[in-house]
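Participant: One structure is given below, represented as structure tokens, and several questions about it will come after.
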């Protein structure tokens, strides 16, 4: 699966442009601009599986660091503060990782 199978390349490019500089990544803005927030719960879970590098069923901080690169290979890494903020926004049960349900809830919040 390619991310452009489910999201428009133009929308992805626009979303990445908005957070090009370090410490400018805002999850909800990214989800809206990329079109992710308009997708069904099942489609969001498909994107989650694409982002889940090790197919563990969870996203940890290391995977989140490379979140933008899953949308475009040349994109920047998230900063440590952006990574921690993204984790805090989605990790509802406080276990230090984001499951598919938590990810879907964050995207649609």
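Each Cβ is built from the backbone N, Cα and C atoms, and glycine gets one as well.
As listed in Swiss-Prot for this protein:
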| type | residues | note |
| --- | --- | --- |
| MOD_RES | 2 | N-acetylserine |
| DOMAIN | 39-74 | domain 'EF-hand 1' |
| BINDING | 52, 54, 56, 58, 63 | Ca(2+) 1 binding site |
| DOMAIN | 78-109 | domain 'EF-hand 2' |
| BINDING | 91, 93, 95, 97, 102 | Ca(2+) 2 binding site |
Participant: Taking Cα atoms as reference points, rank the recorded positions 2, 52, 54, 56, 58 by distance from residue 95 (Ca(2+) 2 binding site) and give the first.
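Facilitator: Its closest listed neighbour, by Cα, is 58.
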Participant: Out of the binding-site residues 91, 93, 97, 102, give me the one sitting nearest to residue 56 (Ca(2+) 1 binding site) by CA distance.
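Facilitator: Closest by Cα distance to residue 56 (Ca(2+) 1 binding site) among the binding-site residues 91, 93, 97, 102: 97.
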Participant: Once 91, 93, 95, 97, 102 are set aside, which residues in the chain still have Cβ within 8 Å of the Cβ centroid of the Ca(2+) 2 site?
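Facilitator: So the extra residues in range turn out to be 58, 90, 92, 94, 96, 98, 99.
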Participant: Give me the CA-CA distance between residue 93 (Ca(2+) 2 binding site) and residue 58 (Ca(2+) 1 binding site), in Å, as a whole number.
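Facilitator: Answer for this pair: 13 Å between alpha carbons.
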Participant: Taking 8 Å from the centroid of the Cβ atoms of 52, 54, 56, 58, 63 as the cut-off, which other residues in that chain fall inside it around the Ca(2+) 1 site?
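Facilitator: Near the Ca(2+) 1 site, the remaining chain residues are 53, 55, 57, 59, 60, 97.
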Participant: So among 54, 91, 97, all listed as binding-site residues, which is physically nearest to the residue listed as 'N-acetylserine'? Use the C-alpha atoms.
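Facilitator: Ranked by Cα distance from the residue listed as 'N-acetylserine', first place goes to 54.
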Participant: Taking only the binding-site residues 52, 54, 58, 63, which one has a CA atom nearest to the CA atom of residue 102 (Ca(2+) 2 binding site)?
Facilitator: 58
Participant: Write out the long-range same-chain contacts of residue 91 (Ca(2+) 2 binding site), meaning residues 6 or more apart in sequence whose Cβ is under 8 Å from its Cβ.
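Facilitator: Looking at Cβ-Cβ distances below 8 Å from residue 91 (Ca(2+) 2 binding site), excluding near sequence neighbours, one finds 97, 98, 102.
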Participant: Would you report the average pLDDT that the model assigns to the domain 'EF-hand 2' (78-109)?
Facilitator: 97
